[in-house]
Amino acid sequence: MFKISKEFSFDMAHLLDGHDGKCQNLHGHTYKLQVEISGDLYKSGAKKAMVIDFSDLKSIVKKVILDPMDHAFIYDQTNERESQIATLLQKLNSKTFGVPFRTTAEEIARFIFNRLKHDEQLSISSIRLWETPTSFCEYQE
């Protein structure tokens, strides 16, 4: 079995309502995302000797993750304060992305993993999500 990975970069704003530090304030990150795929090689056809064509992986991640999330305010739809901020931003024609969980690196990594594995049927082995150049979370099942 082979493992291949591709890295992506995107920017998002968020806050962690109720956090006991600076992250309770609205702030942003340049996230680095590493998507790792595992599998056997195609035996024939245009993709012969590949696990997945890197350009196909790039297109899927762009469509499912980057296009909706890049330069958005990601917020917890179950949190009143974050939802109010999102409503204001939407009225000002700013991009938002709502999720039903607290927007920690850990939960975002799990969300991305599940979106790619279950929604797109990719054989994801792990997701790494860097929130800063020195801090990342890895999620795998």
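FYI, residue positions are counted from 1 along the chain as it appears here.
Here the Cβ of each residue, glycine as well, is placed from N, Cα and C on the backbone.
The secondary structure of CYS23 (active site, proton acceptor), as reduced to three states from DSSP, is helical. The active site, proton acceptor annotation in Swiss-Prot covers CYS23 and rests on similarity to another entry.
Feature annotation from Swiss-Prot assigns active site, charge relay system to HIS71 (among others). DSSP assigns HIS71 (active site, charge relay system) to coil, not to a helix or a strand.
For GLU131 (active site, charge relay system), the number of other Cβ atoms no farther than 10 Å from its own Cβ, over all displayed protein chains, is 20. Residues or ranges marked as active site, charge relay system by Swiss-Prot: GLU131 (among others).
The number of other CB atoms found within 10 A of the CB of HIS29 (Zn(2+) binding site), across every protein chain shown, is 18. The DSSP secondary structure for HIS29 (Zn(2+) binding site) is strand. If you look up Swiss-Prot, you'll see HIS14, HIS27, HIS29 marked as Zn(2+) binding site, on the strength of similarity to another entry.
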Let me know the DSSP-derived helix, strand or coil state of GLU131 (active site, charge relay system), please.
strand
I need the nearest neighbour of CYS23 (active site, proton acceptor) among the recorded positions HIS14, HIS71, GLU131, using C-alpha distances.
HIS14
